[in-house]
Every structure is written in structure tokens, then in C-alpha cells.
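A.B. asks: The structure under discussion is supplied below as C-alpha cells; questions concerning it will follow.
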Amino acid sequence: MGQQQSIVDDDTPPQVLDERSLAAVADYIKSGQARRIVVMTGAGISTAAGIPDFRSPETGLYSNLARLNLPEPEAVFDLHFFRGNPVPFYVLARELYPGNFHPTVSHVFLSLLASKGLLYQLFTQNIDCLERAAGVPDSLIVEAHGSFATQRCINCRTPYPDDLMRDHVSRAEVPKCRKPRCGGIIKPDIVFFHEGLPEAFFAKRSMAADADLVIVMGTSLTVHPFASLPDEVPDDVPRLLFNLEKVGSLGGRADDVLVLEDCDTGVRKLADALGWREELEAEWRRVVGDEEADRQIQGSKKREAELLAEVERLADRVDDALHLQD
């Protein structure tokens, strides 16, 4: 883990990059050849922010949902279930609502790309709005699965005010439409099961084919049609992956570079190679504050220590098993 990898044969030369490495990607950007960078992000970019996985029994969030007698955890995002019982969703929404969490250094790196005129389009699977909080302009963001940024009535589709929504969510109460004789349930513009993706995704997905460079960050690439986006990139366009493991077709092309570690660590290495590290760290601390920045850094060190401890435990078990066979 933590190494740059590719499944392309070592004898296969890159077509565009000088070599398949992070340094070569940085040189490509600095040369001015990557003027249209398309980024695709998933949940891994927000890990350091502390956003809990509602499926995990260790977060406390799972138990909050379990006591509400859900048929399964995913039902909280099922439109049919929501119509009949929106309460579990609003219990979850109180935990995940924008403002409860702060951008990671990876989010701020995307904002830095935008400020330098290099971010062509950002496609994200996340609903947490942390890209916006980091300073990425709304016009450059396609929230493929929607987000908490806006909300409306599920019956008449009338938009609902942000301040009233925040007030209801803070109390885990279900807001209702204010339109006379409607009274429908208000739902954030998050894509639930049984709903189609936003029109913006289909209107802008072709931008992937216009990219000079694609960066994929923190996604398993298992949910379609988002998962197919990296494959719409021309074969001669470099693709860079920041993720804990190889995903999709990444690593199968001559100019694919795989950095298999957490997003924040990979982003910092790229910023170092670009000569942007000091600017990135200063902007991140300006956005989130020193206390939150230090908290995220300490959390990262804790996760790394836990991972190393787990590797050592596994090694000990293997060693014990081998000795038992002697």
C-alpha cells in the first residue's frame, strides 16, 4: 500500500507522460499541457473529515438507525420507504448535514485547481457539499448523486427555503411543503433509490472526453453510470488514481498512474511535486482553521498506526500458523 502501481507491462512505454509516475504527472501539469483537468471523486476524499459510514456499527450512527426498525440500512435512501416513513432519513440527515464537517486537504486541492484555471469539471458521488465549502465554484461541480445543497417537495416539486430546512434538520423533524393544499414531504435533492440522476450529469458527462488529464479520487467505481466516466476518456489522456486500491480499468492504459494510498497523502505528494505544498496547506488552514486541521492530521496518523498494528497482527498469525506446521 502507498506505492505507485500499474498493471500495464513495464515494457509498455507511456504515450504522453515521460514515465508512469506522480512526478511525471506534475511535470505534465507544469508544462501547460493539462489545461482541462477533470476530477471524479467518491467517499474516500471525505474520510479525514470524519463523516461516518452509517452502515458501520462502530460509528453510533448505525445504532441510531437500527432503533428505528429499518428493514435494511439502505432503506433510509429508498424513495418508496421515505414516502411512508421519512423519520429515519431525518435522523441521519441531522448527523450528515453541511456545516457539521469541514473540507479535507484534498477538497482544498480541488479549489486550488479551480483558482488556477485548471479544473475543467468536477464529478462527485458525494452529497456532503464539502467541495463547495472548500471554495470550488458551483458551476464546476456536478453532484452526480445530488446533495444537501437544495431541497423541494416530493409532490409538487416546490423548492423549500434553506434556513427552514436547516432548522428542521437540526431537530431531526420532517419538514412539510408550505404550498397551500399540498403539505408534501420535503426531501433534499439527493438521488434516492428509484430516482434518476440529475440532468446536469448527463448534460456534462461528455466533458470527460475533452479532458487533458483525469484525476480519480477515493471511489470504488462500482455504481453506474458514474463508474463508467473514466472509460469515456480518450486512450491517450493520462489518468491518475488516488485510492487505497486499484479500481475499474485504472492501470490498464499506458498513461495511467496509480497512487494506492489515502487521498490526502497522495494529494500532498502531488502538491510537493508541483511546488504548491505551502500554498495548499496555508489555504486549507485558512478554510478549516488550525484546530480542525490538526484534528484531521492526528486522525490520519491514528488510522495509519491502526493499519500498521493490524498488519503486524496478521503477520504474527501467519508466523504462528507456520510454526504449528513445523
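Cβ coordinates come from backbone N, Cα and C, glycine included.
Whatever TrEMBL says is automated annotation, not expert-curated.
Checked TrEMBL, it gives:
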DOMAIN    15-277  domain 'Deacetylase sirtuin-type'
BINDING   43-47, 53-55, 125-128, 219-220, 243-245, Cys263  NAD(+) binding site
ACT_SITE  His145  active site, proton acceptor
BINDING   Cys153, Cys156, Cys177, Cys182  Zn(2+) binding site
A.B. asks: Over all shown protein chains, what is the count of other CB atoms within 10 A of the CB belonging to Leu244 (NAD(+) binding site)?
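C.D. replies: So the number of other Cβ atoms within 10 Å of Leu244 (NAD(+) binding site) is 16.
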A.B. asks: Could you check which of the recorded positions (Ala43, Ser46, Asn126, His145, Leu244) sits closest to Cys177 (Zn(2+) binding site), going Cα to Cα?
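C.D. replies: For Cys177 (Zn(2+) binding site), the closest Cα among Ala43, Ser46, Asn126, His145, Leu244 is found at His145.
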A.B. asks: Please give me the CB contact count at 10 A for Cys182 (Zn(2+) binding site), counting all chains in the structure.
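C.D. replies: I get 12 for this one.
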A.B. asks: Given Leu244 (NAD(+) binding site) and His145 (active site, proton acceptor), what distance in Å do their CA atoms have, once rounded to a whole number?
C.D. replies: 22
A.B. asks: Out of Ala43, Ser46, Asn126, His145, Thr219, point to the one nearest Cys156 (Zn(2+) binding site) in space (Cα versus Cα); all of them are recorded positions in the record.
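C.D. replies: Closest by Cα: His145.
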A.B. asks: Taking the Cα atoms as reference points, how far is Cys182 (Zn(2+) binding site) from the residue listed as 'active site, proton acceptor' in Å?
C.D. replies: 26
A.B. asks: What is the separation, in Å, between the Cα atoms of Cys153 (Zn(2+) binding site) and Thr219 (NAD(+) binding site)?
C.D. replies: 30
A.B. asks: How many Å lie between the Cα of Thr219 (NAD(+) binding site) and the Cα of the residue listed as 'active site, proton acceptor'?
C.D. replies: 13
